[in-house]
Amino acid sequence: MIKAIIGLGNPGEKYKNTRHNVGFMVADLVAKSLNCDRKYREKAFSHIFECPDYDVIIAKPQTYMNLSGNAVLNILKDYKIKPSEILVVYDDLDLPLGAVRLRLKGSSGGHNGIKSIINTIKTEEFPRLKIGIGRPEKKEEVSDYVLSPFTKEEKFLLDKVLAHANECILNVLKYGIEKSMNMCNKNLV
């Protein structure tokens, strides 16, 4: 049973609409869908939204992406949650924009936020929802690409992706991860 949905991103207005912050975008949408408390609490280096109608919290670590493990470890300790009871939502360069993948566990795949979590909590055994953002087409640096906003054309598809990710998470909360995989694992283009 999932007890915490953790959306990864970077704190601050500067990063709000960037590709690297799709985890935050999904977390906000899920918090709204679950009618969670509108005011977040500062706890465990994160903004925490409590959802009294559901036995779940929504967390947005405020440690910057590469230090996400510190926040996740504190969430696990403060809320007495096991790694298998979290769902980490984050951007994935290796999936095209429009692709969503739900996984029970796995490696970091080169994602620094996931790498930080794995190194800090000492396990790869935690569920995750990967949101495809694609790779830069030109010779753009990956770091510049993930920290740039979506284009106008991409935003149209992004809205569909965020809505699908939200539905996926609602299914996970209702039916569990394994039963939700077929519904969740889609390419929307």
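Using N, Cα and C of the backbone, Cβ positions are placed for all residues, glycine too.
Just so it is clear, the model here is predicted, and its values are computed rather than measured.
Copied over from Swiss-Prot, here are the features:
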type	residues	note
SITE	N10	site 'Discriminates between blocked and unblocked aminoacyl-tRNA'
BINDING	Y15, Y64, N66, N112	tRNA binding site
ACT_SITE	H20	active site, proton acceptor
SITE	D91	site 'Stabilizes the basic form of H active site to accept a proton'
Spatial neighbours, same chain, of D91 (site 'Stabilizes the basic form of H active site to accept a proton') - Cβ under 8 Å, 6+ residues apart: L8, R19, H20, N21, V22, G23, H111, K130, I131, G132, I133, V146
Nonlocal residues around N112 (tRNA binding site), in sequence order (Cβ under 8 Å, 6 or more apart): M65, N66
Recorded positions: N10, N66 - member with fewest neighbouring CB atoms within 10 Å: N66
Sequence-distant neighbours of Y64 (tRNA binding site) in its chain (C-beta under 8 A, six or more apart): N10, P11
Secondary-structure category, per DSSP, in which Y64 (tRNA binding site) falls: coil
TRNA site shell beyond Y15, Y64, N66, N112, criterion: Cβ within 8 Å of Cβ centroid: N10, H20, T63, M65, L67, S68, G113
Neighbourhood of Y15 (tRNA binding site), C-beta criterion under 8 angstroms, separation at least six: G9, N21, L147
Maximum Cα-Cα separation (Å), residues Y15, Y64, N66, N112 listed as binding tRNA: 16
